[in-house]
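Remarks on the structure that follows.
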């Protein structure tokens, strides 16, 4: 049996009881090591689980599948994934290869950023399509995610923006580059200016209410609500970050967002119909 | 401290290690008992957790909040929620009342149906707004959820449909009424006919690929892919059920859905651009 086990978002103890029991009885345990990171390192996980973890980087998962699947038809192999195994990234390819080799699989779910963002008080069923923001380069500055945000806002829906975390090689616990909420907000501000220059009707403004989230589910989780402009100068600390662009806000959602605004922030502001706060 | 602890979707052991440790050291433990159910009953949870669970029905959570919060400023109280505490239902009101009473809170996340549906192979970031389907009555037959499905499909996005589970009074582990995938599909077929009669251009047809999911995360989880028409005559067993209306399907998503179709189903069918399968 090949077990896909979600580790949740925080530390060693965010694995489920069921997941931990399976990890401890599997013959080999792989740790998927390229789509996300926990706030604790591999060594801490190994110590707590009482098992050696084999790092499975992108190359191994995509090219050396046979190694992962070896013997899984007669013994149990675990494949650990930060968050949920079918959350922000799916492992459909590995599922299909396993079945093709006559190996059954089972999924042990856990929280992923896709549902845990609900902790900021915005209701998950008021979210539209999730977007992924990418690092801009000198000559490659895609703006397509803004158009998705626009579609969501036109329907009054919130948008979860996943921010990249790029690990290089195998040193995944020392990520060299991840995008902060401030950087994502800066890119969005630039897009707004570009669109304004072109005379487009904007889907949002510098004053649209946004939420920055860092290390959701961890002890030092940080949530900050504010205008897009405010978030562009925020500092939410270490990775991972994600950001929400609000759509239409329900009064209870507003009350929750006020919990996460600074003293000069939303607490003293009022909401308008366009979900923009004005003083 | 007031702890909001997600129980996940399956049985006793889907709680996280962290959640279980907290449950065992709290002075009182409430079980939120109106928005969802686990496949095991309260007694099984009590035995495994080693703690008495106080049922918190809707009336208690909304009207008798003081009882839940009593003493939580000086000791620890746990509030258990099936799935994730901020998943399909949020508990913002309880959070705000706690803070207002000077009580801090903390959230222990877990899987919810909102992210666990990814196990069918449809990618979560290809989903649009989630819709809730309601039981129709003789004179109250709302069709608004169809319009949301239409908007999602117009953008090529999948739609997660949450199906109701109504518990009556305190006997929440003997739900008298929950909606099956077949019933939801029947309602949708009727809406399609209504719209066709009105001459509307349809967002989907009887042949649109849908996915029925039952007891996601439990040992006896059942997933069935098929056309809307096929799902209308499916039997996926006991609660809870949910349904997905597909949007544009990526080839890898098609391969995954084929795993869950019957022998006469999608395996022998081909995909067209409209995500409708035709033989």
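Quick reminder: no glycine exception, Cβ is built from N, Cα and C everywhere.
Matching B:7, B:9, B:20 to the S-adenosyl-L-methionine binding residues that TrEMBL gives (B:84, B:87, B:112, B:113, B:163, B:216, B:241) identifies B:9. With an 8 Å limit on C-beta distances, the binding-site residues from B:84, B:112, B:113, B:163, B:241 that reach chain A are B:84, B:112. Other Cβ atoms within 10 Å of the Cβ of residue B:113 (S-adenosyl-L-methionine binding site), summed over all protein chains shown, number 25.
Secondary structure from DSSP puts residue B:216 (S-adenosyl-L-methionine binding site) in coil. If you draw a 10 Å sphere around the CB of residue B:163 (S-adenosyl-L-methionine binding site), it holds 23 other CB atoms from the protein chains shown.
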